[in-house]
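Read the structure below first, then the notes.
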Amino acid sequence: MEKLTILLLVAAVLMSTQALMQEQRQKAKINLFSKRRLSAESWWEENGCSLWGPCTVNAECCSGDCDETCIFGS
């Protein structure tokens, strides 16, 4: 009976360790993608252009193509 109790405790510790490591990996991925998004947003803000917002001239669009709204990918 003692061996079974020890085995169950070891299994519980291993499972909680695995869950903790998996959670840390997910947080690291979220941080990585957040940093990428923020750096892309800051690039657009620094260049003063918009991806798909309203515009009056081509220079307001990152794509350089304005037709009342920025046309992305042209």
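Just so you know, the numbers here start at 1 and follow the chain as drawn.
Cβ atoms here come from the backbone N, Cα and C positions, even for glycine.
If you go by Swiss-Prot, Cys62 shares a disulfide bond with Cys49, out of Cys49, Cys70. Looking at Cys66 (disulfide bond) and Cys49 (disulfide bond), their Cα atoms lie 11 Å from each other. Cα separation, Cys62 (disulfide bond) to Cys70 (disulfide bond), rounded: 8 Å.
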